[in-house]
Every structure is written in C-alpha cells, then in structure tokens.
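Trainee: One structure, as structure tokens, below. Some questions next.
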Amino acid sequence: MFSSVMVALVSLAVAVSANPGLSLKVSGPEAVDGVNNLKVVTTITNTGDETLKLLNDPRGALHTMPTDTFAITNESGETPSFIGVKVKYVPSMAAKSTGENVFAVIAPGQSVNVEHDLSAAYNFTSSGAGTYALEALNVFNYIDPETNEPVEIWADAEAHTTAVSGKLAVVRATPTLTRPVTYNGCSSSEQSALAAAASAAQSYVAESLSYLQTHTAATPRYTTWFGSYISSRHSTVLQHYTDMNSNDFSSYSFDCTCTAAGTFAYVYPNRFGTVYLCGAFWKAPTTGTDSQAGTLVHESSHFTRNGGTKDYAYGQAAAKSLATMDPDKAVMNADNHEYFSENNPAQS
C-alpha cells in the first residue's frame, strides 16, 4: 500500500514538474544586395525541463522546404509575394511515421539551427526594396510520450530585421506541362498507383461538383467541412470545383523524387499541373480518408487557376474545427476540400 502511494506521488510530481518550452530566434545579415543572398537561420531552443520530440512540419522553422514559414513586413506594412510550395501534411499521421527526418529531438538547453533560403519562397518585387522584419511561424508539435499524439506548443519568438536592395526576385525555370502524362523519377508501380489515383480524383471532383450544383442549402456534408451556409461561400466552393473539374488529372505531370517521409505531396501554385509526391503518399490508400486520390484533390485546389486554396488547418479534426470557427477560411482551406470530396464517413 505504502509503495503504491509513493509510486503515485512520484508520478504526480514528475507530471507536475514537466514544463515544456521553446524559444525561436531568426538571425541573418543586417543587409543584403539581392534576395538571392537573403538566407536566414532559425534557432529552436528547448527552454523547458524535458526532452521534446518535435515534428519536422514542412510549414515550420525546422524544415527547409520553401513553404510560407515567415511573416515578412516592411516599414509600410507591405509583404512580399509568396512563390514557394503548398504541402499536404497530417501531423497525427506523421507522428506515427518511422521514416527518417520526421522528428527533431531536442534535450533541455539544446538548440537546432536550420538555414532557410528566402528567395526560394518570396518575391519582393511588389513590396520593393527596404527594411523588413522577418518572423518565423512559432507553432510546433511535440509528441506526448504518454499518448504518442502530437501536441501544439508555441515558442517565444524573436524576429530579425534586414535591409533588402538590389535584385528583388530570383527567376526560376518553370516546367512545361506536356501531354500525355509525364513522370519524373517514378517506378512502374508508382506510375500505376498514380494512374489509379488520378482517375479516382477525377471522379471525386466530378461528384463534388454535382453535389454542390444540386444542394444549394445547408446539408450535413456541406456544413461539416465548410461551416454555416451562406450563398457567397457556397459560390466560392462551387467555383473551385468547377475549375478543378476542367482539369484532366490524368494529364498532370508527376514527380516522385521527394523523400520527405512525413509529407504527402506539394505543388507550386503558379506551376499548374505539376505535383510532387512524397513518402506519406505511397502509404496512403487509393481512396478514403487522407487517400492518394484525395491528396490530388488537395493539391489541385492549391493551383492558382483552381482557386489557390491555403493550408490553414491540416487533418480532419482541425478542418472540422475550422469550418465551425471560421467558415470564411474553411472555404479556402485545401484539406476541407479534400475531406468534402472523400466524404468518409459518408454524409448526405
């Protein structure tokens, strides 16, 4: 009895003493001549008293993928144009991954430094030369050792200021979409999987469009993923699906060279028709929740000509919450479109 009580008290004391914490600092040059020289380092430090196993979320400061990781503003409040990639990523699924580079483990007092080439993600032409404040996204996910589920944690953030002059954008070659479908670095089995996924995605989009055309009032399926019904939001989603339905998914160009184990896929929104597939994509089913076909719907909605959706929330739970709390963002969130199309579990 005494030993059981002591074990319980010790466990409680450990739980009470655990105090996770992070700090996030952006550092770099005070001035650059040309955005090709605008490279900054994010330093993530464990300021708590327990080791943290952090997800290498491609949206965040731990990852080098050119996503919209930074809030960048000049003295007039203007921001550069984002020209990087939009990604499908599900933290709860990444947490279960055994692939390499999915996590960053940081002990108390230790730091991780990551370099970011901002010219790969931002074009400063519209906002112009000037002094900019650079602040990195400060939300992270650590793995709860008790549940093995991701838990959000916000880091104390320190921004960096730099003066940008000279060349304000880096011109990069834009791949030309050819027909029929082209593959880069895809095995024969991957090509077969992509053909099946493209066909299923085409069906998903066609069915979704038909549903939206015939349901012009609140329904369980609509409100689950896009929130309270008003005609303007319905029209926004309808236009997205009208645009996506004009795509021939089987003529997309697919690149299979991405090795990020926890990521499904990504696209450059202004490079219509090219989809880059990553590690998590190949472990997904053809159809169903977070499927290969659904991933193609997600990524196609990111293309500017299809509506240019964002990544405000990832995963079914977060997407449902977004629909409830902020339907204006839900109708512009890629995962909400994917889950509406997958319709799993089925709703009328």
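Every residue number used here counts from 1 along the chain in the order it is shown.
Backbone N, Cα and C define each Cβ position, glycine as well.
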Trainee: Have a look at T69, T223, T242 and find the one that Swiss-Prot tags as O-linked glycosylation site.
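Mentor: Residue annotated O-linked glycosylation site in Swiss-Prot: T223.
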Trainee: According to Swiss-Prot, the disulfide involving C258 connects it to which residue among C256, C278?
Mentor: C278
Trainee: Hey, how far is E299 (active site) from C256 (disulfide bond), Cα to Cα, in Å?
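Mentor: Between the Cα atoms of E299 (active site) and C256 (disulfide bond), the distance comes to 15 Å.
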Trainee: For C256 (disulfide bond) and T223 (O-linked glycosylation site), what Cα-Cα distance in Å is obtained after rounding to a whole number?
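Mentor: One finds 35 Å between the Cα atoms of these residues.
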Trainee: I need the nearest neighbour of C258 (disulfide bond) among the recorded positions C186, T223, Y314, using C-alpha distances.
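Mentor: Result for C258 (disulfide bond): the nearest of the recorded positions is C186.
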Trainee: Round to a whole number and give the Cα-to-Cα distance in Å for the pair C186 (disulfide bond) and C278 (disulfide bond).
Mentor: 11
Trainee: Output, ordered by sequence, the same-chain residues six or more apart from C278 (disulfide bond) with a CB under 8 Å from its CB, or 'none'.
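Mentor: Counting only residues 6 or more apart in sequence, the Cβ neighbours of C278 (disulfide bond) under 8 Å are C258, T259, A260, A261, T263, F264, A265, Y266.
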Trainee: Looking only at Cβ atoms, how many others are within 10 Å of the one on Y314 (site 'Transition state stabilizer')?
Mentor: 25
